[in-house]
Amino acid sequence: MLTSALVSLPTATVGEAAIPATGVFTVAWLLVALPLLGAAVLLLGGRRTDRWGHWLGVLASGSAFLVGAVLMVATLSAPAAERVQDLHLFDWITAGSFELAAGLRIDPLSLSFVMLVTFVGTLIHVYSVSYMEHDASRRRFFAYLNLFVAAMLLLVLADSYVLLFVGWEGVGLASYLLIGFWNHSMPNAVAAKKAFVANRVGDLGLLVAIMILFGAFGATDFETVFSLAGGANEGLLTAAGLMLLLAACGKSAQFPLQAWLGDAMAGPTPVSALIHAATMVTAGVYLVVRSAPVYAGAPNALLVVAIIGAITLLFGAIVGCAKDDIKKTLAASTMSQIGYMMLAAGLGPIGYAFAIFHLVTHGFFKAGMFLGAGSVMHGMHDEVDMRRFGELRKYMKITWITFAAGWLAILGLPPFSGFWSKDKIIETAFATADGQGWQPWVFGTVALVGAGITAFYMSRLYFMTFHGTRRWTGTEGAPAAGQHAQNPHESPALMIWPMIILAVGSIALGGLLAIGDGFVHWLEPVVGHTEHHDPVLPIPVIMGATILLVLAGGFLAWRQYAASPVAVVPPRGSVLTRAARRDLYQDEVNEGLLMRPGQYLTRSLVYGDRQVVDGAATGLARLVASSGEVLRKLQNGYVRSYASTMVAGIVVLVAVVLAFRI
Amino acid sequence: MTAAFVAPEIAWAQLTPVLLVLGAGVIGVLVEAFAPQRVRRPVQLALSLAATAAAIVAVAALWSGVRETGGTVVLDGSIILDGPALVLQGMLALLGLVAFLVIADRTESGEDAFAPSASAVPGSDYEEVARRKGLEQTEVYPLVLFALGGMMIFPAAGDLLTLFVALEVLSLPLYLLSGMARRRRLLSQEASMKYFLLGAFASAFFLFGAALLYGFAGSVRLADIAVATTTVVGMDGLLLAGLVLVLVGLLFKVGAVPFHSWTPDVYQGAPTPITGFMAACTKLAAFGAMLRIVYVVLPPLEWDLMPLLLGVTVITMVVGTVVAIVQTDIKRMLAYSSIAHAGFILVGVVALTQSGISSVLFYLLAYGLATIGAFAIVSLVREVNAGPGGAVVAEATHLSQWSGLGQRHPVLAGAFTLFLLSFAGIPLTAGFAGKFAVFAAAIDGGLAWLVVVGVVASAAAVFFYVRLIVLMFFTDPIGTAGESTTVVRSEGLTTVAIGLGVLGTIALGVFPSPLLDVLADAAVFIP
């Protein structure tokens, strides 16, 4: 029943077959090796590298970008049929008949990520040089950042699920280390642990998915799995698809594993920009799009992907409306935007390209806004409460303008980046292959409403921070901030320039990539070519409704937060506001459903372990020791008793042998 | 009546390894007689090292011939130089070389491990005079060479008389060496006495068994006895009793329960370098001889004698492990550990498969390397007399004296830890590969239940090895006991020996397959 609308989608082979990498592509391993080397030097070099370590980190990331750019140019100049390449590195695992080679897959999808990760990553490295200037362990920070870049590139370049898993765990580790970078404060350490545990749940899903695929196809490399997936049984592919989705939910903070992302903002702001906005959290979307051939045979799994995306989209948007912490609002927005991408990916081949398109534009404007938030915090003595900002446009002009570029982009107003990608997703959500059923209406409406809410909360953030009246004098009722005399100022050049470059991207990138559907065609070798499907509503109507809703959301926010005064102490708010402030009680649900029962389970297991297992073990040990004491008495030092032991032994042996003689 | 004596044709070349070692022993006696005292030690040491090294070269030179022909019968069947015999001779020469390094080391104190004049009454004035004059009992070197020569003949012996002679050649020097410790001389002499009495006792049983077998088969040659087991009828009593008694003689030498009682006392009392040599090399030689008897003579009698061997194997593993747990003296603990290892090696012996032979050979080398290394380290850890500027005296053998050693001497304690881990059979050490090989061989031989016992016993054995590691690294030195323990600096020879042990233990642990392949090729006995 549910599947009927989707089964008629083209399920034929998706994308081009890979050819062995030659020529310039054989240097692709440098992409992973350079940042990894940087991390190794910085971690092993210790304090000796303190003085120049951060520049080494920038260099490692920047040179990876250069290598990526070379590969990009080479791929662009190759014909479409030769744009998917496999680079064999070495034979990795050989066990019996199972052989797995470690290799890299260089294709338009992985290259899109490579460019995003290395370009945005390098900008954020540069930004961090200044942002982390006064941190004693800046070198360690750069080591972790490089480690993250290496792991992320390995994740997107891997040519098998097992190697992808290595990168997957690598980014999880780097994320854990960076969220808890200031782990001397307890909440940060707890946040890092929470992120790690939530990710583990997802990782388990990836592991199970790999096992299912290996069990079914006897291989884990993309080439074999994807070529065999076409003929595999649907139930199996559905199971694998759902497990891959679980993995994606963990990594990309999708419902119901989204709770960690807000807390992850405990990390330094550049980390939030790079890992928890632009790159790592989008790995789930990558996984789904990469696994397109698996989902091609599992329409039900694909439908679940879309539903999860739709739920998270609204969930994040609602939470974002109530948060007063600038970074947590941005985190909620990230969650919601990735929900858009998931929704697009869940629509199947017609949505994959738009999911990645939105992922790239979002990487730019969200990273830009996070860096803007970092710049604000830099000037405001690490204050994050938006209720204590206001009127900052007069004090940090460049931050204000670059942030505005990001804000307009995420609102999806033409001609800014977000419009080109988000509008396509909304259009696609209104479309299915046969143009009927409940799905286009539900998904389309959710995407549309989400855009309106997004406009509201992002404008709320923007107006509360940069417009309205200043609330940061620290005179009335500002206990926390009152201790510091706040003196908002513009950030140094090293922080400003990355923001400016990202702002340019936020303004123009979407439009550039959309010229002649360039980006969509670029991805065709990977996700396949699909015919355009007509939405259930005329496109101008959808576009008009979207812009109208966005303007309405923005106006509402302006009226409430720019035109009228904002209370420094948050009002009690409605039931929904209070719920949204607490992440719609997600933590409570997790604690009640999982954590407490889990704790009781472990407690009872520990009790059982102490009483039964340890009891048996110590009892046995006592028995052994006491029998040792007894036997020891036989060793009395008298040679006569030794001799008689021997004689007794011989008598017994001879007697036994003769008695049992057949 | 008697046929005219026909002198056997002797293939001297095949005997080169043995002749080199025994010949060096004879020259060593001449050195004692004619060389001036001050040059004796360097000359003896150089001679011994050269002889063992030359024996290794000779074994290597004979290797390809044995690989091609499968082996040679020498001296009209008295010596059989086949794959296992040659491999064991090579291993014995190698371990003998390493043991010589430890034996020769005088440490920074300038005193070796042997009494300055072993014939002096302990505590007498004469002993003190000898010590002051700096006398050294350099007879140790030829004695060890003679013992080593006997050991090298032992696994190659093709008849029971040669076997017995080799047994005595290897045993008599060891009895003597056990009584020559410089410190705790009474304990050492007691050990020597016990070893001699019990050894003579066991030899008597062995000889009695040989006589019974001669009565049964009319020949002392193992090949003839093997043939007679299937052809002669009606004299099973002689055969079985004789075989049991011969096996008892060998089980005594390897220290299997219930013929193990001498082991702890002798290992504790003997000079530590000799304990290391004896523990490693005697086991090697005796297991070699036992393998030959079990694989050449036993197969037709499997149903009669297997229960006996299986029983001894099980109780050896269990008693060795259980009693080691309650030991407080490090040398006694290692002695019981060697008993447990004898049990583990027996698991490979009773497997009665070809992989049983190669796995036992591998295990013996792995065990030998770790044993010599471990006792070498024990010989460096000393007590200090109470009071200011106290002299360094005997070895600190009580376990409590080893607490916190790892904090003060991390490298030495690290090496000891490696040997203990190898004993315990932790992966990436030679001990693990050896245990794995013998257990795998036993499973091949259909003895899964025995492997279960073996695995449980080795799991229990991990306890006392790891306890020592914990003691060294994670326990603070206790009061005065800790302060009174020190590590004397080696002259360099012991360091080399320990280094060789560490290298071998790691190399055989990480890359066991090359040696295992070689041994698998060599593991065929010819009658």
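Heads up, the Cβ atoms here are built off N, Cα and C, so glycines get one too.
As annotated by TrEMBL, domain 'NADH:quinone oxidoreductase/Mrp antiporter transmembrane' applies to B:157-458.
What TrEMBL records for B:45-66 (among others) is transmembrane segment.
The annotation transmembrane segment is assigned in TrEMBL to B:86-104 (among others). Sequence-distant contacts of the transmembrane segment (B:86-104) (same chain, at least 6 residues past either end, Cβ-Cβ under 8 Å): 17-18, 21, 41, 45, 48-49, 52-53, 55-56, 59-60, 62-63, 66, 71, 112-113, 140-141, 144, 148, 151-152, 155-156, 273-274, 276-277, 280-281, 284-285, 288, 361, 364-365, 368-369, 372, 375-376, 379, 493-494, 496-497, 500-501, 518-519, 522.
Feature annotation from TrEMBL assigns transmembrane segment to B:140-157 (among others).
According to TrEMBL, the feature transmembrane segment maps to B:195-217 (among others). Cβ atoms under 8 Å from those of the transmembrane segment (B:195-217) belong to residues 160-161, 163-164, 167-168, 171, 174-175, 178, 224-225, 227-228, 232, 235, 238-239, 241-250, 252-253, 259, 261-262, 265-266, 270 of the same chain, restricted to positions at least 6 beyond its ends.
Sequence-remote contacts of a segment are chain residues at least 6 beyond its ends whose Cβ falls under 8 Å from one of its Cβ atoms, and for the transmembrane segment (B:237-256) they are 160, 167, 171, 198-199, 202-203, 205-213, 215-217, 228-229, 262-263, 282-283, 285-287, 289-290, 293, 297-298, 301, 304-305, 308-309, 312-313, 316, 335, 338-339, 342-343, 345-346. Annotation source TrEMBL lists transmembrane segment at B:237-256 (among others).
Sequence annotations record features per position, and here TrEMBL assigns transmembrane segment to B:277-299 (among others). If one looks beyond the transmembrane segment (B:277-299) by at least 6 residues along the same chain, the residues whose Cβ comes under 8 Å of a Cβ in the stretch are 80, 84-85, 88, 91-92, 95-96, 99, 102-103, 144, 147-148, 150-152, 154-157, 163, 166, 170, 174, 177-178, 222-223, 225-226, 229, 243, 246-247, 250-251, 253-255, 266-267, 270, 305, 309, 334-335, 338, 341-342, 345, 349-350, 352, 357, 360, 364-365, 367-369, 371-372, 375, 525, 527.
What TrEMBL records for B:305-326 (among others) is transmembrane segment.
Per TrEMBL, the feature transmembrane segment maps to B:333-354 (among others).
Marked as transmembrane segment by TrEMBL: B:360-381 (among others).
Here TrEMBL flags B:411-434 (among others) as transmembrane segment.
Nonlocal intrachain contacts for the transmembrane segment (B:446-471), taken as residues 6+ away from its ends with a CB within less than 8 angstroms of a stretch CB, comprise 310, 313-314, 317-318, 320-322, 324-325, 327, 330, 333, 337, 340, 343-344, 347, 350-351, 399-400, 402-403, 405-406, 416-417, 420-421, 423-426, 435, 438-439. TrEMBL lists B:446-471 (among others) with the feature transmembrane segment.
Annotation comment: TrEMBL describes B:492-511 (among others) as transmembrane segment.
When Cβ distances are compared across the two stretches, the transmembrane segment (B:305-326) makes no contact with the transmembrane segment (B:140-157), since fewer than 3 pairs at least 6 residues apart fall below 8 angstroms.
Away from its own ends, the transmembrane segment (B:360-381) comes close to residues 84, 87-88, 91, 95, 98-99, 102, 105, 107, 113, 272-273, 275-277, 279-281, 283-284, 287-288, 291, 330-331, 334, 338, 341, 344-345, 348-349, 395-397, 401-402, 405, 412, 415-416, 419-420, 422-423, 429-431, 433-435, 437-438, 441, 485-488, 490, 494, 497-498, 500-502, 504-505, 508, 512, 515-516, 519, 522-523 of its chain (Cβ-Cβ under 8 Å, at least six residues beyond either end). Here the transmembrane segment (B:411-434) has long-range neighbours at 337, 341, 359, 362-363, 365-367, 369-371, 373-374, 377, 380-381, 405, 458, 461-462, 465-466, 468-469, 472-473, 487, 498, 501-502, 504-510, 512, 516, meaning same-chain residues at least 6 beyond its ends whose C-beta is under 8 angstroms from one of its own.
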